[in-house]
2 protein chains.
Amino acid sequence: MKYSKQREMIQDTVMAHPIHPTADDVYSLVRAKNPTISLGTVYRNLNLLAENGILTKLTMPGGSDRFDGRLDEHYHMLCTHCGKVYDVELDIFRDFDRQIRAKTGFCVSRHQLLIEGICKECSKEK
Amino acid sequence: MKYSKQREMIQDTVMAHPIHPTADDVYSLVRAKNPTISLGTVYRNLNLLAENGILTKLTMPGGSDRFDGRLDEHYHMLCTHCGKVYDVELDIFRDFDRQIRAKTGFCVSRHQLLIEGICKECSKEK
DNA sequence: CTAGGTGCAAAGCGTTTGCTCGGGG
DNA sequence: CCCCGAGCAAACGCTTTGCACCTAG
């Protein structure tokens, strides 16, 4: 992968903002430093970085994809009230893949878990 | 919810084809019996049925949403080679929600797990 | 020099929506 | 008879892509 200033900025932005930004969030953030960057470039590079395992693409129900710079095994909770995405570490998946393989012959490459509910802050509000 | 012939056909179609069909799959299948039904009607009813808990909408990475008529707790495996979606039952999630609540204060309403990998049939091929 | 990246704009694709007409209750 | 639902087509939102120009190696 050939170096580009734009890609560096995009990657840095995702890393620096652990808010699981959408492509459009990244676009706004990067645009503050580089007003001529295009949305197409942001999409192209986010996908490129995801394909190369440098960041992760999260598929969201009913909304835009989000991107995550954390590479260690963890999962996500979406608050259906405020829309924030939280990280969660759980050791439930320790020998998950082995169990599945033994049971079904399915060879797991990755898994995405999305937990939906109401976060602590939002449930306080009521 | 007022009765409609179309909605009945749509629901029956999803139930009768446990292939986790997309809206467009359902459209094709229903169209065979009712050639004048519109795609908009299929979308409207699938969403309506999902909102009423009669079926479940599955968000897929990089593809159309799929619909599932099974309501019992189970999860899905997507074969990234052939595109089929398999069901999988796992008891890993038994007191999952309680753990999360205790740990984070997040009140879980639902969770969607998507396992990606290569299915038994596809790995045989190689 | 040249392969690959950028910016821009248009196209693509899945999904939703406004409108008018039809059918259930 | 009233109102929700259907059919149709246009609109929408997110994402991808074709093209001409630019830049790293």
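The backbone N, Cα and C atoms fix where each Cβ goes, and this holds for glycine too.
Residues within less than 8 Å, Cβ to Cβ, of A:Cys122 (Zn(2+) binding site) and separated from it by at least 6 positions along the same chain comprise A:Cys79, A:His81, A:Cys82. Reduced to three states, the DSSP call for A:Cys122 (Zn(2+) binding site) is helix. According to TrEMBL, the Zn(2+) binding site annotation covers A:Cys79, A:Cys82, A:Cys119, A:Cys122.
Cβ neighbours of A:His111 (Fe cation binding site) (same chain, under 8 Å, six or more residues apart in sequence): A:Phe93, A:Phe96, A:Asp97. The Fe cation binding site annotation in TrEMBL covers A:His111.
Take the mean position of the Cβ atoms of A:Cys79, A:Cys82, A:Cys119, A:Cys122, the recorded Zn(2+) site; other residues of that chain with a Cβ within 8 Å of it are A:Thr80, A:His81, A:Gly83, A:Lys84, A:Ile118, A:Lys120, A:Glu121, A:Ser123. Each of the binding-site residues A:Cys79, A:Cys82, A:Cys119 was scored by how many other Cβ atoms lie within 10 Å of its Cβ, and the smallest score goes to A:Cys82.
Under the three-state DSSP scheme, A:Cys79 (Zn(2+) binding site) falls in the strand class. Chain B has a C-beta under 8 angstroms from the C-beta of A:His111, taken from the binding-site residues A:Cys82, A:His111, A:Cys122.
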